[in-house]
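Here the structure is laid out as structure tokens; the discussion comes afterwards.
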Amino acid sequence: MTNLLENTNLLTAIITPFDKNNRIDFQVYRRLIDSQISDGVKGFVISGTTGEAPTLSHDEKIELFKRTVDFVSGRAKVIVGTGSNNTKETIEFTKEAGRINGIDAALIVTPYYNKPDQAGMIAHFSTIADESPLPIVIYNIPGRSISALTVESLLKLADHPNIIAVKQCNSDYDMSELIEHAPKDFLVYTGEDGQSFLNYALGGAGTISVASHFYAKEFADMFSAIDNGDFKKAAGDFRFINPRVKALFSYPSPAPVKAVFKRSGIDVGIPRLPILPLDKAQTDGIMQVLKL
């Protein structure tokens, strides 16, 4: 069976811009989406970590989903973050999102804070997938959620017909094992920009990226080089990207991305608390590395 995300190797985990009144700035948001698509991005993850999902209200998320579909207008895939550590609420919210025409899939994070075991997480994702009108992309990010799905658990979930991919933010070894053993129609993405070369070179699906806000063309060139068997060029592209990735994650995300946009002439506002904006010295340090 063909996966609807097949050949979607670069997705941006897009920021949520805010205006001076701390409301979502949809005019700037539309500009970002158009620019990203022009630069080669093939999809977007909305209301994820980089999109400041924890500080967005339910109504803000729904409006953001609707506006995204309108702005994208079929030019790229749209994946929306609907997950939480409450299975019932996740099902209800995913169903609500599923009533918006143009959304391709839902990103569901591993349950945080309540720390279920592997059996509990398998039950969580299976129950959501059974009820969801949208295909599910698992978001396995133990660095933020504490709970980590093992390779064995992910392979069990990969057999569910409504679970189509994983955004894997874990070790190189786990990612490699998933790529090796997952069904062919189950896609293994990395959510770590620093794993982008390794993931794609090993046969993974690509990257759900933060650095692609500024380096989408470089990511696209790297993936194209790998597709063409030119690993020397791809490695060079990655060596260019990698130190810039480190700089963009030198402070809590998405504060660096927002600071760089503002310094570059696009005011996307500041993060909502508890993430603080960067000061001038912090931004200067990042800009010296990025050289935009």
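Glycine too: its Cβ is placed from the backbone N, Cα and C atoms.
Taking the Cβ of Tyr139 (active site, proton donor/acceptor) as centre and 10 Å as the limit, one finds 27 other Cβ atoms among all the protein chains shown. According to Swiss-Prot, the feature active site, proton donor/acceptor maps to Tyr139, an assignment based on sequence analysis.
For Lys167 (active site, schiff-base intermediate with substrate), the Cβ neighbour count at a 10 Å cut-off comes to 26, with all displayed protein chains included. Here Swiss-Prot flags Lys167 as active site, schiff-base intermediate with substrate, drawing on sequence analysis.
Under DSSP, Ile208 (pyruvate binding site) is assigned to a strand (E or B) in the three-state scheme. Annotation source Swiss-Prot lists pyruvate binding site at Thr50, Ile208.
What Swiss-Prot records for Thr49 (among others) is site 'Part of a proton relay during catalysis', and it gives sequence analysis as the kind of evidence. The Cβ neighbour count for Thr49 (site 'Part of a proton relay during catalysis'), using a 10 Å radius and every protein chain shown, is 20.
Here Swiss-Prot flags Tyr113 (among others) as site 'Part of a proton relay during catalysis'. Taking a C-beta cut-off of under 8 angstroms and a sequence separation of 6 or more, Tyr113 (site 'Part of a proton relay during catalysis') has the following same-chain neighbours: Asn85, Ile146.
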Q.
Please report the Cα separation of Thr50 (pyruvate binding site) and Lys167 (active site, schiff-base intermediate with substrate) in Å, rounded to an integer.
A. 14
**Q.** Ile208 (pyruvate binding site) and Lys167 (active site, schiff-base intermediate with substrate), distance between Cα atoms, whole Å
**A.** 7
**Q.** Other CB atoms within 10 A, centred on Ile208 (pyruvate binding site)
**A.** 30
Q: Report, as a single number, how many Cβ atoms besides its own are within 10 Å of the Cβ of Thr50 (pyruvate binding site).
A: 23
Q) Could you state the CA-to-CA distance between Tyr139 (active site, proton donor/acceptor) and Thr49 (site 'Part of a proton relay during catalysis') to the nearest Å? A) 10
